[in-house]
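Asks: TrEMBL lists these features:
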DOMAIN    5-132  domain 'EamA'
DOMAIN    149-276  domain 'EamA'
TRANSMEM  38-57  transmembrane segment
TRANSMEM  64-86  transmembrane segment
TRANSMEM  92-110  transmembrane segment
TRANSMEM  117-133  transmembrane segment
TRANSMEM  145-166  transmembrane segment
TRANSMEM  178-200  transmembrane segment
TRANSMEM  206-223  transmembrane segment
TRANSMEM  235-252  transmembrane segment
TRANSMEM  258-277  transmembrane segment
Amino acid sequence: MQGARALVLSSLAFSLMTVCVKQLGGRIPVSEIVLVRSVVSIALTGTAMALGGVSPLGNNRRLLLLRGICGSVALLCFFEAITALPLASATVLQYTYPTFTAAAAWLLLGERLRRRIGLAVLLGWIGVVFVIQPEWLGAGQNGLALRPVLTALGGALFTALAYVCVRRLSTKEHPLVIILYFPLVSIPLTLLMVLHSGVWPSAVDWIWLLGVGVLTQLGQIWVTKGLSCLPAARATSLNYVQVLFAASWGWIWFNESITAFTCVGAALVLGASFISLSSRQP
């Protein structure tokens, strides 16, 4: 019960984080949002490492840097998609990452690719079509713009690549070291962008920015606790509550409507994600 409660709380925290990002969209560049989030992350992670006596260097630094690059690009894409798409749609498209992860693990790590993965990929991409709502599907003028959709899918792809790196690193590196290399890469990357096109936040914007960092950290703490208490397949299915939260916040805060096409697409994508993850269980 504690594991399930922790995972629901993590989904709530992550969904509220997307609300903070969307509130800032149009006023604060996405790179600046990622920068503040990364500064909060490195401060909290660095403190935890200092208290625990963990060396920050790590062993496989090349792979750690690659994990940081993939994670940074993934977050930039996801935040950009949040500002341009309805919250529910952006979240659903992000959840295509397990099918990308399964394919990447097969190609890069030599993991067995079961037939169920083929079904998952097919279901997932049919779901993406429903979420996009093209006119030929009979969705009228409710279709999503192609560029933010591709950005969201790019974020899912780089999320998958980051997870593959983490899977390889997790047997030899301390979890805090793996986490640390994300802000170590994202801070200089986004700082260059902010110096070029940054905006000084207002007092209210600072609240939303700090909300992004704090809520993300809380979400990571709760998801780690939940995963330690429950089997991965069940834990992942509980994480899908985030889509329901995102749809609710989109409707309440941003007056975003939920169409039947979005619901069908969400069901297909989340079903595909569950198949992809459960098929890798022993």
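Cβ coordinates are placed from backbone N, Cα and C, and glycine is handled just like the others.
Nobody curates TrEMBL annotations by hand; they come from automatic prediction.
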Asks: Report, as numbers and ranges, every residue of the chain located at least six residues beyond the transmembrane segment (117-133) whose Cβ falls under 8 Å of a Cβ in that stretch; write 'none' if there are none.
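Replies: Contacts with the transmembrane segment (117-133): 89, 92-93, 96, 98-99, 102-103, 106, 139, 142-144, 146, 149, 153, 259, 261-262, 264-273, 275-276, 279.
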Asks: Taking the transmembrane segment (145-166) as the first stretch and the transmembrane segment (38-57) as the second, find out whether 3 or more Cβ pairs fall under 8 Å, excluding pairs closer than 6 in sequence.
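Replies: Touching, no - the transmembrane segment (145-166) and the transmembrane segment (38-57) miss the threshold of 3 or more Cβ pairs under 8 Å.
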Asks: Taking helix as H, G and I and strand as E and B in DSSP, count the residues of the domain 'EamA' (5-132) in helix, strand and coil.
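Replies: Final tally across the stretch: 106 helix, 0 strand, 22 coil.
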Asks: Taking all residues of the domain 'EamA' (149-276) together, what is their mean pLDDT?
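Replies: Mean per-residue confidence for the domain 'EamA' (149-276): 85 out of 100.
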Asks: What stretch in 64-86, 92-110, 178-200, 258-277 has the biggest tally of Cβ pairs under 8 Å against the transmembrane segment (38-57)?
Replies: 178-200
